[in-house]
Structures are given as structure tokens and as C-alpha cells.
Amino acid sequence: MATRMKLKLKTVFVLYFMVSLMGLIYALMQLGQRCDCAEHDMPKDRTISRLRGELHRLQEQMRKAEPTKPPQKLAVKPSQPTIYVITPTYTRFVQKAELTRLAQTFLHVPQLHWILVEDSPHKTPLVSGFLASSGLAYTHLHTPTPRDRKLQEGDPSWLKPRGAEQRNEGLRWLREDRRGQPGADTQLGVVYFADDDNTYSLKLFEEMRGTQRVSVWPVGLVGGMRYERPVVEAGKVVRFHTGWRPSRPFPLDMAGFAVSLKLVIANQDACFDGDAPMGFLESSFLQGLVTMDELEPKAENCTKVLVWHTRTEKPKMKREEALQKQGLGSDTAVEV
Ligand code: UDP
Ligand code: MN
């Protein structure tokens, strides 16, 4: 009896051991295998497929909008005229900012030569360094405005013309540089007077490149108006849309015309009169160079504004001055 009991117990024990072992083996086999938990993964799968759909839709949208199209380069053949831009500039807080904006516009214009003329008795290190690293073709000049012709602190900006001597210095360099060069009088080129604070569309430069004698176009935000412009009828300038003394010989802003290099070379004496009454500076140069009838209207018969007579606010330095008094002013070695 006892032996049979022993045998039964042994069988139970062996069976128990076998079942446990099989359970263990099964558990071990399940480890590392993918869990078939479809219900768990459903939301994750749905999110992935929704995001895929979204991505595809955005890709389609991007393809339709073609933002990857390379920017249209205003391509110019190497044989086309060089644009000589004469810019007067003077030392003030915003000078480097203005010049940076200007240079980065000019970098997009093929065959442009920048003639930067400082209103200063010497070339300044700021402008020299700036030009050297600008990546532009340039000529660096300087000439100071005589004291009696210079605006003084507090003078209204219209009291005296600004930049006249500097533009004349640019013209002098252009004429001298070309003197003695073969075919100087037939050289292709265009001269444009670009103040350092205006805003220029790249399209403007391609409009002016074909100038034969003097080309003209509208200027935005000038003369207390939305724009000033020559009025064109049957392809000719017949009068000027301006709010002030339209009877002036050329009621144009400095930014509103360009002259061919040929014409500048052929008229050695044409220059800006620094003593010209207000509003007559442009006329003092253009008179004798061209007649109204000869003006070449650009920018779709002077219906498009491609240059703006913007002006930059003078930064306030109240805090800087207060800190300087305490010996805590900004580091003067940092060029701004
Ligand atoms: N300018 C200059 N010296 C001065 C004042 C101005 O060389 O004392 C330059 C200035 O940098 C700009 C141009 O002359 O390129 C016209 O000056 P501004 O922009 O002040 O004239 P506005 O916009 O009032 O016509
Ligand atoms: Mn200006």
C-alpha cells in the first residue's frame, strides 16, 4: 500500500515537474518573439499612415507651388554696358547698415561698378574695410563738403543740397579714368546716382542698362507724395507729375534718372551745382545734357515704381550717453 502511494506521489511529482518545465520552455520561446497584439498597435499604425498622407499632400503642394525653382537670375551678356553707380556717403551711426543693404542689392546686379565717395577729408577705415570685403567691383574716393555748404546739426534737410561735391568727384574720376583709353568716347556704360539710404529694385538696373542718353522713371515716396514721375504720351515725356514747381527744367529726384557714359564723357563740364536752390540740383546737371523731348522713359512708360526715396530714422543714443558718463559705454572697438 505504502509502495503504491509512493509510486503515485512520484508520478504526480514527475508530471508536475514536466508540466512546469514545458511551461518554462514555452515562456522562454515567447521571449524575443513579436507580440501579436494587433489591438495595441492599431492607433500607432493609424497615426503613421495619417502622417504619411499628410507628408504626401504637403509634397504635392510644394511641387505645385514650385518653390524649389532656382531664383531667376537677371542674366546679362558680358558685352552689355557696365552700370557705374556713384554714391555719396558720410559718417553716422547708420552708415554701415545702409552700405550693407546697398552692397547686398548691388551684389545681385551683373556688371556693376560702385563708385563710393565719402564726404570726408580722408578715407575712413570703416568704409575701406567694408568695401574690401564687399565682393563688389568698386572705386573708393573721398572729398569733404566745404563747411559753408554742409548742413549743420538742427538744419532742416532741405536747406542745402547734400552729396553734390561727392557726385562731382565721382564724375571727375569716371572722366579721368577713361581719358586716354582707346574708344573712350564710344564706351558703353551707364551712370546712376544712388544715395546710400534709398531702396532699389533689381529690375531698375536692367531698365537703365539700355540708356542711350538720359533715361527716366518714377520714384516712390518722394516730395511729400506717393510717387513722382514723368508723364509719358505716345512714348515721349510730355510733363512731370510732381507736387512742387513742375516748371523746374527737370523736376526729377536724383534716383529717377541715369545718363549714358558717352554723354558724361562728351560733356566734360556737366556737374552738380552745390549752390543750386532747393530742388534744382538735378536740373543743374541735366540742363545742357538733354532736352525733355529726348528723355527715354523706362519702367513701362513710367508706370512702375522700382526705386523708393526711403529715409532711415536717426537712432537715439540716450542710454549709451548715460552709460558713457558712468564709464560703462559700449566697447568702442566694436564696429557698428
Ligand atoms: N550725404 C553726404 N553728406 C552729408 C549728407 C548726406 O554725403 O552731409 C549723402 C548721403 O549719404 C546720401 C546723399 O548724400 O547718399 C543724400 O543725402 P540724404 O539721403 O540725407 O538726402 P535726402 O534723402 O534728404 O534727399
Ligand atoms: Mn536720402
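Along the chain as shown, the residues are counted starting at 1.
Glycine is treated like the rest: Cβ placed from N, Cα and C.
TrEMBL assigns the feature region 'Disordered' to residues 316-336, out of the candidate ranges 64-84, 295-315, 316-336.
Site annotation for UDP-alpha-D-glucuronate in TrEMBL covers P88, T89, Y90, R162, R167, D195, D196, D197, H309, T310, R311, and the matching candidate from D119, D148, D293 is D119. Distant neighbours of the region 'Disordered' (316-336): 93, 96, 126, 129; these residues of the same chain sit at least 6 beyond its ends, with a Cβ under 8 Å from one of its Cβ atoms. For E282 (active site, proton donor/acceptor) paired with D197 (Mn(2+) binding site), the C-alpha to C-alpha distance reads 18 Å. On the backbone, the CA of N301 (N-linked glycosylation site) and the CA of D197 (Mn(2+) binding site) stand 26 Å apart. The most crowded of the recorded positions listed here (D197, E282) is E282, judged by how many other CB atoms sit within 10 Å of its own CB.
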